[in-house]
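Engineer: What follows is a single structure, and I will ask about it in a moment.
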Amino acid sequence: SQYSAVDTNPLSVYIMQPIWNEIIKIVPLWIAPNLLTFSGFVMILVNYFLISFYDWDYTASGTSPGLVPTWVWLFSAFTTFCAYALDSIDGKHARRTQSSTPLGELFDHGLDSWATSIFVLSFFSVCSRDNGKAGVSVYTMYIYLSVVLFNFMCSHWEKYNTGVLFLPWGYDISQVVLIAAYLLTGVVGVEVWQKPFLFGYYITDALVILLIGFSLFLSFPQTLYNIHRAHVKKTLKNDSLYEGLLPLVSPLLLFVLLTVWVVLSPSNVLAKQPRLFLWMVGVAFSNVICKVIVCQMSSTQPELFHWVLFPLALVVYAAISGLLGWTEEAVLTVFTALVTAAHVHYGVCVGRQLSEHLNIYIFSLKKRVQE
């Protein structure tokens, strides 16, 4: 299917696009677009693990403000900008090297579905965990992450139904806000997040309110409106309501199971291991959404229940019924490792199958020799 995306965000159209159009001129023509996509993702990962090293439990900014060195925040601003740039020029570069493929589209959106949560998890280190005075509670972090992932899911659910990806306005805005937040932290120090900003409110409160406002009053209504418009114009991909809503079943069940675990966990697992738990949320979500993206691209129907829901349901049941007892954290660790490994394996397999099927290399513009 032909890839189509619509971007109406003024920030993107008038400010960012002209910048990308200049940056792309320096990219050599022999570089494969997927290499740009992947490099951006690797930068996000490196940045995440670097911050995790200094701030495993999200307390550094709150309890010992100098614990994360200044250069780390500046490096975060730099990697976030590079990843944002690479994610914005990979498609342009594919068109200019005439190498746009379904593999590239899947690669781009698949990595985006994972990167979305990693951006958020890195940012939490800036605001730090609630320490009684300032910071954000781990429950707020969980809700915040869920709202961001819900937004991402909406735009792909919309594409599944309309065939067009309406790029959410929140994307460019969030990237610019992230880069600014890291720069501010690097220049002024994390103290800026610990002091009330306006009327006794902290900057983090404003960001949470902005995010939830954006999602519920801008992105989500826009998604429903675009699907409704396609319905009126009779351009919907799916005839039945059941088929149209099918991709939402697994992500929503995933959210329900995770929330049950968060709320009813006997050992309060989210508070004990916020970094592990939130990472697992992001990976599980990415795997579920990748299936939807594959189905949307191949015009096939997603299965009702994604495979990850079954082991997750077992683990959640064992945890909240008290069966796991003191091993709950250990089980979370093992489950997180398994889901991450399964997701990477899935990505590698789909990539290889598509590269063989389309007779192209993933990271090179050279043509495969026909056997």
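We number each residue from 1, going along the chain as drawn.
Note: Cβ is positioned from N, Cα and C throughout, glycine not excepted.
Straight out of TrEMBL:
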{"type": "TRANSMEM", "residues": "26-50", "note": "transmembrane segment"}
{"type": "TRANSMEM", "residues": "70-86", "note": "transmembrane segment"}
{"type": "TRANSMEM", "residues": "138-157", "note": "transmembrane segment"}
{"type": "TRANSMEM", "residues": "169-193", "note": "transmembrane segment"}
{"type": "TRANSMEM", "residues": "199-220", "note": "transmembrane segment"}
{"type": "TRANSMEM", "residues": "241-264", "note": "transmembrane segment"}
{"type": "TRANSMEM", "residues": "276-294", "note": "transmembrane segment"}
{"type": "TRANSMEM", "residues": "306-324", "note": "transmembrane segment"}
{"type": "TRANSMEM", "residues": "330-348", "note": "transmembrane segment"}
Engineer: With pairs closer than 6 in sequence left out, are the transmembrane segment (276-294) and the transmembrane segment (330-348) joined by 3 or more CB pairs under 8 Å?
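Structural biologist: Since 3 or more Cβ pairs under 8 Å link them, the transmembrane segment (330-348) and the transmembrane segment (276-294) do come into contact.
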Engineer: For the transmembrane segment (26-50), find every same-chain residue at least 6 residues outside the stretch whose CB is under 8 Å from a CB in it, and list them.
Structural biologist: 72, 75-76, 79-80, 82-87, 89-91, 93-94, 96-97, 99-100, 103-104, 107-108, 111, 114-115, 118-119, 121-122, 361-365
Engineer: Hey, which of 70-86, 138-157, 241-264, 306-324 has the most Cβ-Cβ pairs under 8 Å against the transmembrane segment (276-294)?
Structural biologist: 138-157
Engineer: For the transmembrane segment (306-324), find every same-chain residue at least 6 residues outside the stretch whose CB is under 8 Å from a CB in it, and list them.
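Structural biologist: Cβ under 8 Å, 6 or more out: 250, 253-254, 257-258, 260-261, 264-266, 269, 284, 287-288, 291, 331-332, 335, 338-339, 342.
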